[in-house]
Amino acid sequence: MSKNVVIIGTQWGDEGKGKIVDLISDRAVSVVRFQGGHNAGHTLVIDQQTTVLHLIPSGILHDHVECLIAHGVVLSMSALLKEIAELEGANINVTERLKISPGCPLIFPYHIALDNAREAKCGKTAIGTTGNGIGPTYEDKVARRGLRAGDLLNPILFASKLKEVVEYHNFLLTNYYGTAPVDYQVILYEALSQAKKIKHMIIDVTEKIHQHIANDENILFEGAQGTLLDIDQGTYPFVTSSNTTSGGAVTGSGVGVTDINYVLGIVKAYTTRVGSGPFPTELIYNVSTNKGDAIGKVLGTVGHEFGATTGRQRRCGWLDMVTLKRSFNLNAVTGICLTKLDVLDSLISVKICVAYKLNGKEVTIPPYDAKGYTDAKPVYIEMPGWKTSTIGTNSFDSLPIEAQNYIHKIEQLANLPVDILSTGPDRTQTLILKHPFE
């Protein structure tokens with residue numbers, strides 16, 4: 001019997017979702033992206049060759065896998081065509097296997113201009129977006145003025161809609177933000193030129209998904225970013241503009257709630273965050289000055305914690321079970337995939353946050369707002385480290401006993417099994433204890 005599996009990041013993103021999607025998508029007929037845009041970066045390492053994907057589903061490296069970009073994704077045609085060219089330059093067949101929903105909101109230069117103008121105006125209080133126009137594009141979608149991929153199929157109507165939207169956003173850019181306007185004719189010409197290259201990929205993605213379900217075929221839904229960046233459930237306002245939880249797979253692709261059979265929650269063995277926002281277990285280290293917490297330096301250096309999309313330094317800290325348990329509930333996680341265990345290999349001891357001290361009380365339920373997270377002080381348990389390499393370990397029993405104990409403690413606190421264990425960046429450096437499609 002087939003399964004529909006959702007892969008979700010349970011922290012602030014960068015948990016290692018891309019590698020796991022690539023790993024288990026060999027069992028799937030189709031891989032579906034359902035939210036976000038090219039602000040996400042999924043890094044795959046296969047036979048020591050690194051591929052970074054931003055829009056195209058991570059199943060693209062398997063020749064038999066169909067890759068679907070559903071209507072919950074905001075689409076930059078420029079970013080998509082660049083990614084296609086890079087993959088096809090590496091002899092990977094993309095255009096015959098990639099399909100795009102007509103409902104995908106399109107990202108244009110005025111979205112990027114607005115994104116950057118807002119961040120500049122906010123100054124030190126800026127959220128720290130990727131500057132790719134994601135937020136303004138979702139705003140246009142909700143305001144019902146956005147242009148979608150399906151509009152490209154009617155160039156005359158597209159041009160008319162675009163003119164109206166450009167006038168609106170140019171008013172904002174010039175009169176509120178005091179920045180230069182964008183050129184309608186330049187945007188129109190570029191968009192229609194790009195449309196010629198992607199129009200043949202635009203199909204009813206939702207119907208395609210339901211055909212696979214009717215045919216009893218495995219489907220993998222690939223989440224981007226992480227639960228704590230969810231527009232509704234994350235550390236608002238330091239969040240992204242889409243629903244990054246498993247519920248987003250339903251609304252962002254058009255399947256029903258009961259169509260989902262298994263949710264794999266990706267958990268990094270420590271915690272990272274890019275950009276601004278509260279981070280209770282952060283071990284502050286600044287790579288540019290080489291000053292700060294020694295453990296934070298180890299996590300960032302050994303873990304190569306720099307954003308795949310922006311190149312920015314990721315902030316690092318201990319594993320936070322307070323936020324994770326909330327994430328597991330929000331996503332109805334079935335099993336855990338624990339990644340980057342090997343980054344902890346050199347540490348004498350490891351810590352897990354099991355509660356917060358907030359307003360003089362010890363709490364195990366996370367606060368609802370960013371200020372509460374900022375005020376929260378972590379309460380840790382400390383466990384012995386293993387000081388032995390776990391990279392490429394080929395069985396659970398061959399792990400150091402201290403590493404096994406760390407994993408078992410996570411399972412105990414989460415009340416969930418660790419079904420997959422990643423012990424290195426390469427596809428082969430993974431222990432599958434229970435396959436999500438079985």
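Every residue, even glycine, has its Cβ placed from backbone N, Cα and C.
Note that the structure is predicted; figures quoted are calculated from it, not measured.
If you check Swiss-Prot, you get these features:
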- 13-19, 41-43, Arg314, 340-342, 422-424: GTP binding site (BINDING)
- Asp14: active site, proton acceptor (ACT_SITE)
- Asp14, Glu15, Gly16, Lys17, Asn39, Ala40, Gly41, His42, Thr130, Arg144, Gln225, Thr240, Arg312: IMP binding site (BINDING)
- His42: active site, proton donor (ACT_SITE)
- Ala308, Thr309, Thr310, Gly311, Arg312, Gln313, Arg314: substrate binding site (BINDING)
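Between the binding-site residues Thr130, Gln225, Gln313, Thr423, Gln225 has the most other Cβ atoms inside 10 Å of its own Cβ, all protein chains included. Gly16 (GTP binding site) falls within neither a helix nor a strand when secondary structure is assigned with DSSP, and so counts as coil. Asn39 (IMP binding site) has a Cβ environment of 29 other Cβ atoms inside 10 Å.
For the binding-site residues shown (Gly13, Gly16, Gly41, Gly311), fewest C-beta neighbours within 10 angstroms: Gly311.
Checked against Lys19 (GTP binding site) by C-alpha proximity, the binding-site residues Asn39, Gly41, Thr130, Gln225, Gly311 yield Gly41 as the nearest. Of all the recorded positions listed here (Asp14, Gly41, Arg312, Gln313, Arg314), Asp14 has the Cα closest to the Cα of Thr423 (GTP binding site).
Each of the binding-site residues Lys19, Arg312, Arg314 was scored by the other Cβ atoms within 10 Å of its Cβ; the lowest score goes to Arg312. Rounded to a whole value, the Cα-Cα separation of Arg314 (substrate binding site) and Asp14 (active site, proton acceptor) is 9 Å. Long-range Cβ contacts of Leu341 (GTP binding site) within its own chain (separation 6+, distance under 8 Å): Ala269, Thr390, Ala403, Tyr406, Ile407, Leu421, Ser422, Thr423.
Taking only the Cα positions, the spacing between Asn39 (IMP binding site) and Gly13 (GTP binding site) is 11 angstrom.
Cβ neighbour count for Asp14 (active site, proton acceptor): 29 (other Cβ atoms within 10 Å of its Cβ, all protein chains included). A separation of roughly 10 Å, to the nearest angstrom, links the Cα atoms of Gly311 (substrate binding site) and Thr130 (IMP binding site). Of all the binding-site residues given, namely Thr130, Gln225, Arg312, Gln313, those whose Cα is no farther than the 10 Å limit from the Cα of the residue listed as 'active site, proton acceptor' are Gln225. Mapped onto three states, the DSSP output places Gln313 (substrate binding site) in strand.
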